[in-house]
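> I have a structure here, written as structure tokens, and I will follow up with some questions on it.
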Amino acid sequence: MNGRVRGVLAFTAILLGYFMALLDTTIVNIALPEMTRHFGGTVSQISWIMNGYNLAFAALILTASRLADQFGRKKVFILGVILFTVSSLFAGLSTSLGMLILFRTIQGLAGAIIVPVTIPLTTTTFPKEKHGMIIGLWGAIAGLAAASGPSLGGIITEKLNWQWIFYVNVPLGVLSIVLTLLFIKESRDESAGNSVDYAGMLSITAGMLLITYAFIKANDYGWNSGEFYALIGAGVLCAALFFLLQRRAKEPMLPLALLKIKEFNGTSLTLFIVGAALSNLAFLTSFFLTRVMGMTELKAGLVLSTLAAGSIVSSAVSGGLSNKYGSRWFGAIGAVIICGSLYSMSALEADSPLADVILRLFIAGIGVGLTMAPVMSAGIRHVPEEKVGIASGIINMAKSIGSVLGVAIIVTLLQQNLGGEMQTAQARVIEQVKGDTVLMPFVKEVLIGVVNEQGVQMKKGSGIGVQAEALTSKIMNGLETAAASLEPEQQKAFAAAREGQIEEVKVLLSGAGVELKEASVKGFGQTFIYASFMSLPGIIFAWMSDKRRVRKSTNKSADYDATELT
């Protein structure tokens, strides 16, 4: 078998493991309602199917990177894929919600092992001149996995059942393991030594666990709550202890000299911002499509897949070109496109053409691909080859924390924006009801009560997109209950005027529905704008991620002496 075929098969093994780990961060979301029906449980309990994965992933990714550098990346990668495959099987076989959450958390642990190892395995499999192109393909797979999760999850759930979301990982995992055993060579950081920095690993894992948990629970506890501050404070203390230990350790798990490399810091910060931007775009858009535009979850997932299409195209092209021309222009232009795309989403209306939505998402995907692949390539290029593993862990940890923090902030902003717009819309609707000359007083009270209840639900996002028929049914039930408590003469009067009262209610309800939907569109629009502004620092950080390119270097590191990092 020639070297080119071996390289393709080796890269396939890496991408299969990487694709599974990233796909499972989003593929489950669309099946959560079906899982709720299957197991029961509250929304808070069901949310831990996602939270358990994200917590384990973010908390352990740096530790896993270090262990792979020390004891062999191939061994650790295989261990991660085996763990992911087995936990996927048992997640599908789960007979209780607690069992499912347990195996989802183990999946997150396995994902933390797999993801950071993929870059160093890739760079040691291919020659240096191919790294830009290969990392471009790696970035394309990242975009595909993140954006195609909802559509794949919807198709699998609709055509089979939610268990198959996990079962599909089993053959993919087995194939990845076999190809890895056959075609990937072992590699490690020869300068890392065999001494395990237990104190460093425990402190950074605890710090990331506490900080990630704080952001996940921020909207439940409140951003100004004692619980939130306590979690953040404890997490920061653990992180500070970690850096103190690293300064004193003979064989630290994190070479602090890495943090002196401006381009590497620029890469990490860029991926932090892009992680937040991508999560915000996917979260807000999926909510807007299903709740405001009235799409099914499956259709919304398919529409969101156009984000992946744009990312695949631009990643595949920009990765190779950035290796030749440098990454800063690609990354900065991509970051500008991401900001502009988020801002453009604020112009969408409830009845916007589908083509409008698809075009905006495709352009956003181009921005993601232009940024992620070149910037990641630059970050890896500016560290010594033997430190690529731990560097990849830091970059992926930054992206993961950015995703969690971004969603936590954007959920708060969305609730605030919807709350303000709904309050104004409710006031207008209630004034119209109070001023109506046809409705009987008790009918007005029922209608005002339903409008207030619907407004509260829409502020939280749960009532957006409720059909007029459902509201009419709710009002009719309320009228029947209220009429039963009236005096006999009032009951007779209502019975005589019943048809006219109901027709007037429908007229007012139609107007109220328009008012409340317009308010929800404005609330989402404002939140998209805030998400765009949150992404602006990514332009600066992307520019920092690379030097002005004047020549190629044949050294292990383009600009830094590897002895600094040992």
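Just so you know, glycine gets a Cβ as well, placed from its N, Cα and C.
Note: TrEMBL annotation is automatic and uncurated.
Relevant sequence annotations retrieved from TrEMBL are reproduced here:
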- 10-461: domain 'Major facilitator superfamily (MFS) profile' (DOMAIN)
- 7-32: transmembrane segment (TRANSMEM)
- 44-64: transmembrane segment (TRANSMEM)
- 133-152: transmembrane segment (TRANSMEM)
- 164-184: transmembrane segment (TRANSMEM)
- 196-216: transmembrane segment (TRANSMEM)
- 228-245: transmembrane segment (TRANSMEM)
- 266-289: transmembrane segment (TRANSMEM)
- 301-322: transmembrane segment (TRANSMEM)
- 329-345: transmembrane segment (TRANSMEM)
- 357-376: transmembrane segment (TRANSMEM)
- 388-414: transmembrane segment (TRANSMEM)
- 527-544: transmembrane segment (TRANSMEM)
> Can you tell me which of 301-322, 329-345, 357-376, 527-544 gets the most C-beta pairs within less than 8 Å of the transmembrane segment (388-414)?
527-544
> Based on Cβ pairs under 8 Å, which of the stretches 7-32, 44-64, 133-152, 196-216, 301-322 lies most in contact with the transmembrane segment (357-376)?
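That would be 301-322.
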> If you average the pLDDT over the domain 'Major facilitator superfamily (MFS) profile' (10-461), what number do you get?
84
> Among 7-32, 44-64, 196-216, 301-322, 527-544, point out the range having the most Cβ pairs under 8 angstroms from the transmembrane segment (133-152).
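Ranking 7-32, 44-64, 196-216, 301-322, 527-544 by Cβ pairs under 8 Å to the transmembrane segment (133-152) puts 301-322 first.
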> So which of 7-32, 228-245, 266-289, 301-322 has the most C-beta pairs under 8 Å when paired with the transmembrane segment (44-64)?
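Ranking 7-32, 228-245, 266-289, 301-322 by Cβ pairs under 8 Å to the transmembrane segment (44-64) puts 7-32 first.
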> Report, as numbers and ranges, every residue of the chain located at least six residues beyond the transmembrane segment (527-544) whose Cβ falls under 8 Å of a Cβ in that stretch; write 'none' if there are none.
262-263, 265-266, 269-270, 272-274, 276-277, 280-281, 284, 327-328, 331-332, 334-336, 338-340, 342-343, 345-346, 371, 375, 406, 409-410, 413-414, 417
> Should anything in the same chain at least six residues away from the transmembrane segment (7-32) have a Cβ under 8 Å from its Cβ atoms, list it; otherwise answer none.
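Here the qualifying positions are 46, 49-50, 53-54, 57, 77, 80-81, 84, 88, 104, 107, 110-111, 114-115, 118, 121-122, 125-126, 134, 137-138, 141-142, 144-150, 152-154, 156-157, 162, 165, 169, 172-173, 175-176, 179-180, 182-184, 282, 286, 297-298, 301.
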